[in-house]
Amino acid sequence: MTNPVRIAVAGCNGRMGKVLVESVTHTEGVTLTAAIEHAGSTVLGVDVGELANVGRLGLMVTDNLEAVIEQVDVIIDFTRPEATLANIALARQYGKRLVIGTTGFDEAQKADIHAAAADIAMVMASNYSVGVNLVFKLLEQAAKVMGDYTDIEIVEAHHRHKVDAPSGTALSMGEVIADTLGRDLKKCAVYGREGITGERDRDTIGFATVRAGDIVGEHTAMFVDIGERVEITHKASNRLTFANGAVRAAAWIAAQQPGLYDMQDVLNLK
Ligand SMILES: NC(=O)C1=CN([C@@H]2O[C@H](COP(=O)(O)OP(=O)(O)OC[C@H]3O[C@@H](n4cnc5c(N)ncnc54)[C@H](OP(=O)(O)O)[C@@H]3O)[C@@H](O)[C@H]2O)C=CC1
Ligand SMILES: O=C(O)C1=N[C@H](C(=O)O)C[C@H](O)C1
């Protein structure tokens, strides 16, 4: 029998961190060996199983990833861009693998992640649900058939605590559509509208953002013509769908060579 993949959850006190702990403890072939929060967090020293409501695990939350990194094969990180970058630097130093769930990276931070992938194996995905990754494939098909002559708009809705907009998933949807149509998303994206905007340019891809209450995550891409429109929608109603996907990615990346992979690689959808 092979040894279980040893997982660290960074950001273990977050909305995603807690369900990641739950998912790891309920998944065969993986085991939780470290639970990380930032210095000054109120949960340092707390049993992470109790924090995540899965019962005592005898594993305490620490702010010192380096002190426990030799007991870890894969770090699952759903935190903030700066924290993720620091964890990647440590993983690179010790030859460890990562599953990156954090969104909201700027261009320089993305370049740093690509550089680290020369040395370590990482999965990075704006959305680890199987359904959203299927939607990415459906969007390719929709863009091929209708993208050239329709107005394309992407609408996303999330809970009031989300700090980045548009969501990483909405941006990925835009990238899939733009790539399929041979457009550059950096040039054709329109992020919200206000005032005298002028008429719509058909080559643009519009984004609209809703932040309200406890919405887990909803995304719709519209391909709108005169007389008909196609809408492709995904609605997440439980964060476990993201967590289970990320844990699946962690088990998968444990056996990969250095490089930057995404959830399409994990699901063999390419
Ligand atoms: N790819 C995907 O499928 C998904 C991605 N996400 C993304 O994951 C990220 C986290 O989301 P969510 O869980 O809702 O956010 P939360 O704010 O609930 O969780 C983030 C956690 O990270 C902690 N944190 C901050 N800095 C550090 C650090 N340096 N080291 C360790 N922990 C740190 C926070 O602590 P504190 O609260 O004390 O600041 C908090 O506990 C976001 O970028 C979100 O967009 C979310 C869902 C799915
Ligand atoms: O912050 C969230 O909650 C989510 N973030 C991801 C994103 O930015 O796309 C994925 C999911 O929609 C939930």
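Every residue gets a Cβ built from N, Cα and C, even glycine.
On its own chain, His158 (active site, proton donor/acceptor) has Ser167, Val210, Arg211, Ile215, Val216, Gly217, Glu218 as residues at least 6 apart in sequence with a Cβ closer than 8 Å to its own Cβ. According to DSSP, His158 (active site, proton donor/acceptor) is assigned to a strand segment. The active site, proton donor/acceptor annotation in TrEMBL covers His158.
On its own chain, Lys162 (active site, proton donor) has Arg211 as residues at least 6 apart in sequence with a Cβ closer than 8 Å to its own Cβ. Among the features that TrEMBL reports, active site, proton donor is placed at Lys162.
Taken from TrEMBL, the feature NAD(+) binding site covers Gly11, Cys12, Asn13, Gly14, Arg15, Met16, Glu37, Gly101, Thr102, Thr103, Ala125, Ser126, Asn127, Tyr128. Packing around Thr102 (NAD(+) binding site) is summarised by its Cβ count: 23 other Cβ atoms lie within 10 angstroms of its Cβ, all protein chains included.
There are 19 other CB atoms within 10 A of the CB of Gly168 ((S)-2,3,4,5-tetrahydrodipicolinate binding site), with all protein chains counted. Look at TrEMBL and you will find His159, Gly168, Thr169 tagged as (S)-2,3,4,5-tetrahydrodipicolinate binding site.
Residue counts for the domain 'Dihydrodipicolinate reductase N-terminal' (5-128) under DSSP, helix first, then strand, then coil, are 46 helix, 29 strand, 49 coil. Per TrEMBL, the feature domain 'Dihydrodipicolinate reductase N-terminal' maps to 5-128.
Annotated domain 'Dihydrodipicolinate reductase C-terminal' per TrEMBL: 131-267, in sequence order.
Counting only same-chain residues at least 6 apart in sequence, those with a Cβ under 8 Å from the Cβ of Gly11 (NAD(+) binding site) are Gly17, Ile36, Glu37, Asp77, Phe78, Thr79, Arg80, Ala83. Annotation: Ala125, Asn127 are the binding-site residues among Asn13, Arg15, Ala125, Asn127 whose CA atoms are within 10 angstroms of the CA of Thr169 ((S)-2,3,4,5-tetrahydrodipicolinate binding site). Counting other Cβ atoms within 10 Å of each Cβ, the binding-site residues Asn13, Asn127, Thr169 show the lowest value at Asn13. Candidate binding-site residues: Asn13, Arg15, Thr102, Ala125. Not one of them has a Cβ under 6 Å from ligand 2. If you take every residue in the domain 'Dihydrodipicolinate reductase C-terminal' (131-267) and average the pLDDT, you get 98. Counting only the Cα atoms, the space from Ala125 (NAD(+) binding site) to Gly168 ((S)-2,3,4,5-tetrahydrodipicolinate binding site) is about 8 angstrom.
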